[in-house]
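What TrEMBL says about this one:
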- 5-32: domain 'C2H2-type' (DOMAIN)
- 33-60: domain 'C2H2-type' (DOMAIN)
- 61-88: domain 'C2H2-type' (DOMAIN)
- 89-116: domain 'C2H2-type' (DOMAIN)
- 117-144: domain 'C2H2-type' (DOMAIN)
- 145-172: domain 'C2H2-type' (DOMAIN)
- 173-200: domain 'C2H2-type' (DOMAIN)
- 201-228: domain 'C2H2-type' (DOMAIN)
- 229-256: domain 'C2H2-type' (DOMAIN)
- 257-284: domain 'C2H2-type' (DOMAIN)
- 285-309: domain 'C2H2-type' (DOMAIN)
Amino acid sequence: APKLFQCGACGKAFKRAWELFSHEVVHTAERPYQCDACGATFKRHSDYKSHRMVHTESRPFRCETCHKAFKRSSNLQEHRRIHSGARPHLCPPCGKRFKTPYELQRHALVHVTERPHKCQDCGKDFPTPGTLLAHRRQHCDDKPHVCPACGKRFTYGHSLKVHERVHTNHRPFVCPLCGKAFKQSNALASHERVHTGARPFACPTCGKAFKQSSYLVIHQRAHTGERPYRCQTCGKAFARPSLLLQHARVHSQERPYQCGFCHKRFKDEAYLAVHEKVHTGQSPYQCGVCHKGFAHPSNLLQHQRVHRD
């Protein structure tokens, strides 16, 4: 069918009048749709309507697999790929695939050497207008919503509303099975799997399933070898932040784990657990030959040489 409606500014043609009307606003500075909650303005009504979801608790789009709820259908659609393993977004230079356009966009920056967009505040260069805009928010104090309890500032009223629950301990999302209450709906959805035993997040490589998507992300690093958490002192990298935190104590004098019997302190919780067996008399590591018990596996290993000799 012929495209009948043509833009007078750029010549682009559209099949429907409303498509042309929606397009024409890109050529004007007019932003007629203003959010009454935060003052943000928009060129299109659809953008304004999408933005309004920021200020509401409503999450009408629910995943049928794990029951996590979303404000927008597009967010739900992207989330479903965690369960399906689909990676429809292809990076042409290297062939790597991604689940969401945002992941692809973030990855594509590794192929960009040109950084033509300069921050006027600090002089740092960026490859795209979007990355510059995200960076400039660091210099911007446009956060009109202030927490009356602690003074922390927020860009959106909804973000302040969620934050205030830290001070009020308001927990509006209640588990129908045990009555436990949560501050956010997604925390409730995650908790409900304790009762159902559901493990909706499956590893596409080995099939192992997890209750939370964050556990799956960590597990997948066993297959990819990715270690994003790097020690600033020695450069050693880790797959999980908890492992980096544990390792960092090698470089410090911090010994946060104290024995309840003799008050000796340890850098690692596992070392404390082994040490406390000295006081409790526990000897869980047993010799298969003479059945003598030991508190530590290294002591058992040393003892077993007696039988070999």
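Placement of Cβ uses the backbone N, Cα and C atoms for every residue, glycine included.
Note that the structure is predicted; figures quoted are calculated from it, not measured.
Between the domain 'C2H2-type' (61-88) and the listed ranges 145-172, 201-228, 285-309, the one holding the most Cβ pairs under 8 Å is 201-228.
When each of the listed stretches 33-60, 89-116, 201-228, 285-309 is scored by C-beta pairs under 8 angstroms to the domain 'C2H2-type' (145-172), 33-60 comes out highest. Distant neighbours of the domain 'C2H2-type' (201-228): 66, 82-83, 85, 190, 193-194, 237-240; these residues of the same chain sit at least 6 beyond its ends, with a Cβ under 8 Å from one of its Cβ atoms.
With DSSP classes pooled into helix, strand and coil, the tally for the domain 'C2H2-type' (285-309) is 12 helix, 4 strand, 9 coil. Taken together, the residues of the domain 'C2H2-type' (145-172) have an average pLDDT of 83.
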